[in-house]
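Okay, structure first, notes after.
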């Protein structure tokens, strides 16, 4: 095994080893179909079998037997899609990369009903998966540390009895398949979608996303691995294992980095809530006006230390997962549109959209609309208190009727949370941000502002306008408990009921069980119609067919809703901790079961989400930090207004009271800043590993410059060997 520095320049012996390894991967396929030949390393020769529509489309899916075909993606087309468009998209998926295709493998499901369109399963050969991983630039572990994956140095990534199947995780394979599909771009002469003259395309546009936006593709998702679901369930959401650590590494390998970070965060946050829970109990038992400022200091220390340690934990996980050094030059989002132009950094042709148009959309449309929503939410909150005052005046303060406005406000807040999620997505899509990180950051910022006003405005109104601390405590706990109940119902019960309804309609008494003569004739006719696509069909009893029916009825999952729930909960815990000491206890109690509920719904209630690469919790880290700073100011303001502090400072002037509170606030902010600077974002071992990788890369670059003549000679010799041996393979096949 070469060391990390030298391995970037493969020797002739190492290169020969790679060829043998790749040749071993493909030899079974060569025996099954001797008519089609793919040279195992440099793709020097492709012999294609033409489809009925496009002679340049490869049929490499016939290289895979039905038993070994692994479904990485399922695509369902609209039943009314034009034939030309369907043939064109199918050919693009299986066409060679050099011809503008994705070079993937395809199987189709037998036609079950005339109400459903064509359903295909997407896979790829092992070699194609590794090529895509090399193209994307995955960082993978080697014996000597983390390195960018290079298919030409395959030996370096095989250690400790690893096989080539172990290099890419299930999430990696799903990611590269989705990447290949989304990067099927329209060519310069492809100006419109075949069969749809009104659907125009521009050079470099994602064809799959264009078809999805026109609803020609109605579904695209990944099937769950049933065996993995059974194994992970026994150690993740099983209540008997609720005191065990989550299997984060297994979660990350199956669901991807972003979901791995979420469940790691919620577990770490739940464990950290033990400290404010203990502080809250002590505050309830022994707290008074004199000790409250000390408890505020302890809460600030907890918040700052919790957020900084989490950042260190993120850095450690990101390094181990190979995402810490994600490229700063990001590719445009598949949904990003604009006039095709040459990127000034990479020199590649990419969509170009004027930045001033995006900023115009942000500041002249999104910001005013957000402010209007904030004003509406504030008006509803104030109206609630007006109505509550009216009920108190009419029925008395002790009447249960006076609780109606608070309950209504809590339900209204929970409902608006769902609306704001979709509304923020709509506005951010219209802004047309270039990269996925920019899109997510702007979307999260909108959600943060909207949800902050939606959930906390009434609490600030009670605290600083009505100045009723007892009402503040009751309203906070009411909102917190109702919100948690409503959100759990929305996340679990509603998707489950929807799934049951769709499955009953489709499977029990619906379209897939109408086994009459007319339906059999229609499905047989559709099967014959799809035969001209020249796609091998799955067996009628293939379990993936029924699994697809069930999982297509499920909703899509994303981490936005779960992060938002934690963000709001964190606000309830820290913004008014001086008057609600038991908020942390209820948050801890809720999260103890929330982890298992989230795990269960992710595996059982929702579709398998698309894997996403991430190096931290993204914009949510900043959101939590901002909330922590605001909590310092809000708690100091509540201290100034609290009756206990007023009794202690009764003999002081108003100016002196304000000076003391402002000084306390500045001291706490300074304390948080000191903790922020005193705890490095990255552990020392991560910094050392990064510095070592940088040093070895520079040394490898020097050796590459020094040995360049030798490399050129080796390349010439290798080329001669390939071209001399190539006719022998052709003669053998013939």
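Glycine too: its Cβ is placed from the backbone N, Cα and C atoms.
Unlike curated entries, TrEMBL annotations are predicted automatically.
These numbers come from a predicted model, not from an experiment.
Positions annotated as domain 'Anoctamin transmembrane' by TrEMBL: 251-692.
Same-chain residues lying 6 or more positions outside the transmembrane segment (259-286) and placing a CB less than 8 Å from one of its CB atoms are 245-246, 248-249, 251-252, 292, 295, 298-299, 302, 306, 310, 313-314, 317, 321, 559, 562-563, 566, 570, 573-574, 577, 581-585, 587-588, 591-592, 594-595, 598-599, 602, 609, 611-612, 614, 616-617. Per TrEMBL, transmembrane segment is recorded for 259-286 (among others).
Taken from TrEMBL, the feature transmembrane segment covers 292-310 (among others). With a threshold of 8 Å between CB atoms, the same-chain residues lying at least 6 positions outside the transmembrane segment (292-310) that come near it are 265, 268-269, 272, 275-276, 279, 282-283, 574, 577-578, 617, 621, 624-625, 628, 631-632, 635-636, 639, 642, 644-645, 664, 668, 671-672, 675-676, 679, 681.
According to TrEMBL, the transmembrane segment annotation covers 362-387 (among others).
Taken from TrEMBL, the feature transmembrane segment covers 399-423 (among others). If you look at the transmembrane segment (399-423), the same-chain residues 6 or more away from its ends with a CB under 8 A from one of its CBs are 373, 377, 380-381, 384-385, 387-388, 391-392, 446-447, 450-451, 454-455, 458, 474-475, 478-479, 482-483, 486-487, 490, 560-561, 564, 568.
Per TrEMBL, the feature transmembrane segment maps to 444-464 (among others).
Under the heading transmembrane segment, TrEMBL lists 566-589 (among others).
The feature transmembrane segment is assigned by TrEMBL to 622-641 (among others). Distant neighbours of the transmembrane segment (622-641): 292-293, 296, 299-300, 303-304, 307, 444, 448, 460, 463-464, 467, 469, 472, 567, 570-571, 574-579, 657-658, 661-662, 664-665, 668-669, 672; these residues of the same chain sit at least 6 beyond its ends, with a Cβ under 8 Å from one of its Cβ atoms.
Sequence-distant neighbours of the transmembrane segment (656-675) (same chain, 6+ residues past either end, Cβ-Cβ under 8 Å): 293, 296-297, 300-301, 303-305, 308, 628-629, 632-633, 636-637, 639-640, 649. If you look up TrEMBL, you'll see 656-675 (among others) marked as transmembrane segment.
What TrEMBL lists as transmembrane segment is 707-726 (among others).
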